[in-house]
Amino acid sequence: MVHRTTSYILIHYLYLNMTKTMLRSLNDKEIKIKPLRNYEENQFWIIETESPLQAGITVFLDLQFDGSLTRAIVGFYKSSYVNSITNLTRYMVSSKFEPVSARRAFPCFDEPNIKANFTVHLVHKNEYIALSNMPDENTAPWSEDNSLMKTDFKVSVKMSTYLVCFIVCDFDHLENTTKHGVKVRTYATPDRVNQTKFALDIAVHTMELYQDLFGVPYPLPKQDMIGIPNFVSGAMEHWGLITYREVNMLYDPNEASSANLQRVAVVIAHEISHQWFGNIVTMDWWDDLWLNEGFASFIEYIGADSFRPSWDMMEQFTTEDALPVMTTDSKVSSHPIIVNVQNPNQINEVFDSISYSKGSSVIRMLESVMGRERFFEGVGKYLKGFEWSNAKTDDLWAKLGNVEPNLTVKAMMDTWTRQMGFPYINITITSTGSKTTVKAVQKRFLADINTIYDENESDYRYRWYVFLDYVTSDGHSGNVWMNREDEKTFDVPANLTNGWIKFNVNQTGFYRVLYPDNIWKSIANQLEMNPSIMRDVEKSGLINDAFNLARGGYLSYDLALGLTRFLNKERGHLPWESAYSVLSYITHMFELGGDYSNMRIYILRKVKPVMDAIGWQDTGNHLQKLMRSNIIELACRLGDQHCLRNATEKFRNWIEHGASVPPNLRSLVYNYGIQGSDSEEDWNFMWDKYTRETVPQEQIKLLYGLSRTRSVWLLRRYLEYAKDESKVKAQDFFNVITYISRNPIGRSLAWDWVRSNWEYLVQR
């Protein structure tokens, strides 16, 4: 239907040959059109009518076109894999349309707020199966010799073009059904389908969990998930047919590490949540992408935490998402969560850590302020209010504000979503008698304190609504609001002359805290005496704050390092995860130049007692296994001879005697084993293992290990191997270049190679 009188119809298309364009009225009368033309920048096929189309009439647009399966792994493309059982090369076609690649497969209104019902028919060879968003209705011969079949699918629910999916393959599947009656299938290549059992289990669990949590039923009769051997993204939430890079869906408990297991769980929980956030309710335009990705990146932790409570996923959010994205958002080159985008290049650029990790961090912060029950009451109203349609950020704030009238949700959250960056809170205290007067001053945190910026470039002048909660050494707790105020003074009912105060309880706030020197020292002293005085998430946040404040010039490194004195007694994963991150940065800086013998000695004094206590046996619970990997990696990186000997011994036993290396130690053994070897035979052995490996996570470990050789000529060979898609999958090409650039020996080599091959890289 024509909503406004116009003479133009703009259809998206890209790399298609348009052979026929006809416009007809409701009574089948042809509507005359002017000569057709295209607009390359925005990828439009422009249809101009000789007479204006009047508002309220219905017209039919008939388009005929043809195109080719692309070489790039976006749009509708062809790829291949080798079946490790039969050793045969098998071909498949699959699609990946988000954000703006549906137009590569068929002409369409390729915008998220123009939804439609899609009818899909796929013609394929008889030894293949066809999959799409909806269940198939019928498969029948399409050629006289029955070599070709046509599969017809049920008409889809109303959805955006980027969610449409077509796949033709020879995969097998596992199957289960949710308590709500939805059939769930996990597809993979026949030689790997047994690696989808874990994915099937968590998919069923999270689908049941989310339907109950949101109060909105999953509307399709089936949910397929498929591991694609060559896939450009981590995963894609096509409605009813979620596609994954194999490494993010397949899991072999005998071969993959605890980190691999957690990654699979989180990615699947993320994609399943998109079936509500993104599919049932879609952002109106790409400037609100964060409504899709920020929500899914938060909900994934709830899903994974429910599936494996012992993993402490809600606390891991801090080290996995919130703290890392602060590094990005502390630069003047950052951007607001909500950002104006217009053309395809701008749309692609907004798929970054700001939309995902900062988006999820501010949602988590709001959930903490509102409380989970009230927050999800509002979320349920949002999903029901915009079901089958599109929403903007203000629509979400309105629904949440309705259930929490005492909180000005929009005013608060606009400061976090419509300006880049975040604050640090500078604390000063004065203790007298039984109370302490606290003065809190908020300022924008930047990676370098001397960075010059214009605060008037933001409508909010880089001031935020900050929920400032705290706990003290003697057990007092409380909170105050900083409503875009420069400073706030308040009393705490505790004398902190010899005690401490910790702000940002549970690290749910998206800000840093700069304490007075005496508070840093008091916290450091108390932790050194008894690391258990604080929860792991609090210690993790303090370490990250201190070192990033020091890195930016806000705090002395002496005070930051003082906060690490307790680490030799620490046995928790989260504090060591933060310590690993900040100490690795310091080590890297010294690698670029400088004498850090004293620093190296100090860090090893903290690391070695923990390494000796936890040992090299791949034992313990999930979090202990994650911590062990960090501890051993840090010790080896610092050149601890005992650590390097252990890694080398396991490497040689693996190569010479076929001894198995525990999954959680493989990356360490491969990396430091090949780094300590100057043998081409060792490198070739690893390469041969990679070419024959059937476990996706193991393939990635081997690819990275190969990049750690100190032989420049082997790195040059590796770069050439990466260009050959018969040797390295297209999806892994840029990863190999990145891996080599992380090797101090390969850094300049990779940079020279990139400059020499720039035109080739642009075409990839």
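Indices start at 1 and increase along the chain as displayed.
Cβ coordinates are placed from backbone N, Cα and C, and glycine is handled just like the others.
Binding of Zn(2+) is attributed by TrEMBL to His270, His274, and the same site annotation extends, among Glu255, Glu293, to Glu293. His274 (Zn(2+) binding site) sits 13 Å from Tyr356 (site 'Transition state stabilizer'), taking the CA atoms of both as reference points. Comparing Glu293 (Zn(2+) binding site) with Glu271 (active site, proton acceptor), their Cα atoms are 10 Å apart once rounded.
Of the chain residues outside the Zn(2+) site list His270, His274, Glu293, Glu237, Glu271, Ser273, Phe277, Gly278, Asn292, Phe295, Ala296, Ser297, Ile299, Glu300, Tyr356 have their Cβ within 8 Å of the site's Cβ mean position. Cβ neighbour count for Glu271 (active site, proton acceptor) (all protein chains, 10 Å cutoff from its Cβ): 27.
Tyr356 (site 'Transition state stabilizer') and His270 (Zn(2+) binding site) have their C-alpha atoms 11 Å apart, to the nearest angstrom. Spatially close to His270 (Zn(2+) binding site) yet at least six residues away along the chain are Ala235, Ala296, Ser297, Ile299, Glu300, Gly303, judged by Cβ distances under 8 angstroms. Of all the Cβ atoms in the protein chains shown, 25 others lie within 10 Å of the Cβ of Glu293 (Zn(2+) binding site).
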